[in-house]
Amino acid sequence: MGAFLDKPKTEKHNAHGAGNGLRYGLSSMQGWRVEMEDAHTAVVGIPHGLEDWSFFAVYDGHAGSRVANYCSTHLLEHITTNEDFRAAGKSGSALELSVENVKNGIRTGFLKIDEYMRNFSDLRNGMDRSGSTAVGVMISPKHIYFINCGDSRAVLYRNGQVCFSTQDHKPCNPREKERIQNAGGSVMIQRVNGSLAVSRALGDYDYKCVDGKGPTEQLVSPEPEVYEILRAEEDEFIILACDGIWDVMSNEELCEYVKSRLEVSDDLENVCNWVVDTCLHKGSRDNMSIVLVCFSNAPKVSDEAVKKDSELDKHLESRVEEIMEKSGEEGMPDLAHVMRILSAENIPNLPPGGGLAGKRNVIEAVYSRLNPHRESDGASDEAEESGSQGKLVEALRQMRINHRGNYRQLLEEMLTSYRLAKVEGEESPAEPAATATSSNSDAGNPVTMQESHTESESGLAELDSSNEDAGTKMSGEKI
């Protein structure tokens, strides 16, 4: 069985809630992946004396969902019940927990749950080789604690801008690379021993068996980075998401898109669903999960924004009808053709950060109404190509996501030239054999044929584009 389905699974899991002056919504979609390996946690009011605290997290599993699912249920308990976390609470209430104790307790909780899961029989005997990233926030009345282990990401939107982002843990990062090499490993094609695309994770015990090294000195470390930030009146929202989201949207793009959607709807589940759909239409091939946490100062629904959004929908509906009427004599155009025509137009008031992909559902609804016999699969534009042509487009798209500078410009030109040739009926270029190197390469990998956690299925990536946005943009104290 391959890593991808023939058609994406677009059914979504949703949840929402409110409390402690917060509102949250979440959405997750399996997408093109054969399995759903993401999980999440959302707790408003932490039990046992922390009722005015809240905890949210996203877990991006790889090589299976075992670790991600267990962590989503038990990580918070491992954090709040260990002695390091509770040390300061002995003298008073939860409000008196010191910042350092909370941060140390979070770190201890990660190490303890990783040690605990190692004893599971299926993980111990190698029957299950899964692992998971974890990104979360613990929100107290005065502080926000950002927690990250892996390459999922959290961002804080404050006073109309992205003011903080967690840093992705990639093998190519100098600090991570040094630890990997000190443990006897190597970094090849941006991966640990040429295979695993994250340098910190829970689980992944095949990468945590170097004799004489502690748990935080292994090829893959379970140690999280913890940042503490004082809450402010200007705080608007926090986004937690896996790399299936960040692969196709930058920090700023996603935050601007979310802000624009909050101005047209106060339903946080809907906003999260729009994000997931938009990322699918932008070409994400991974599982997708997002948790949106809104503070009291989050953007409110605006009559003007609602009006502009409605006018945009009507304009798009009208244009789709016109395009299909003009093409009537030549036969019904496919949806990809309609999208290409619209993408070449200067359409005002498209959702910032989302662009035309953010209105794909509107366009597709009109197209399906006018062409009821079409088999809709919810795929992105590239996925509507067939056979080797579709594979070529996908390979070029994945390379485009993961390259910058001159390489990226070259790939943009290749992709544009290919699409133009197809539209004009010219012969398409042959599919290059080495374009999409398997991400499951086991070169130097202690795990044979394990599905590696990767942001794209191309092993040719020079630089991970998401690192461009990673890292703190504001001085948050880090453990």
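Yeah, the Cβs are placed from backbone N, Cα and C, and that goes for glycine too.
Taken straight from Swiss-Prot:
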- Asp60, Asp243, Asp286: Mn(2+) 2 binding site (BINDING)
- Asp60, Gly61: Mn(2+) 1 binding site (BINDING)
- 430-439: compositional bias 'Low complexity' (COMPBIAS)
- 440-451: compositional bias 'Polar residues' (COMPBIAS)
- Lys12: ISG15 cross-link (CROSSLNK)
- Lys142: ISG15 cross-link (CROSSLNK)
- 23-295: domain 'PPM-type phosphatase' (DOMAIN)
- Gly2: N-myristoyl glycine (LIPID)
- Ser386: phosphoserine (MOD_RES)
- 1-20: region 'Disordered' (REGION)
- 423-479: region 'Disordered' (REGION)
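Cα of Gly61 (Mn(2+) 1 binding site) to Cα of Asp243 (Mn(2+) 2 binding site): a span of 11 Å. With a 10 A radius on its CB, Asp286 (Mn(2+) 2 binding site) counts 30 other CB atoms from all the protein chains. For the pair Lys142 (ISG15 cross-link) and Lys12 (ISG15 cross-link), the C-alpha distance works out to 34 angstrom. Ranking the recorded sites Lys12, Lys142 by C-beta neighbours within 10 Å puts Lys12 at the top.
The region 'Disordered' (1-20): residue composition by secondary structure is 0 helix, 16 strand, 4 coil, according to DSSP. Classification of Lys142 (ISG15 cross-link) by DSSP places it in coil, neither helical nor stranded. Each residue contributes its Cα atom, and for Asp243 (Mn(2+) 2 binding site) and Lys12 (ISG15 cross-link) these two points are 17 Å apart. Residue pair Lys12 (ISG15 cross-link) / Asp286 (Mn(2+) 2 binding site) shows a Cα separation of 14 Å. Cβ neighbours within 10 Å of Asp60 (Mn(2+) 2 binding site), excluding its own Cβ and spanning all shown chains: 28.
Over the domain 'PPM-type phosphatase' (23-295) the predicted model carries a mean pLDDT of 95.
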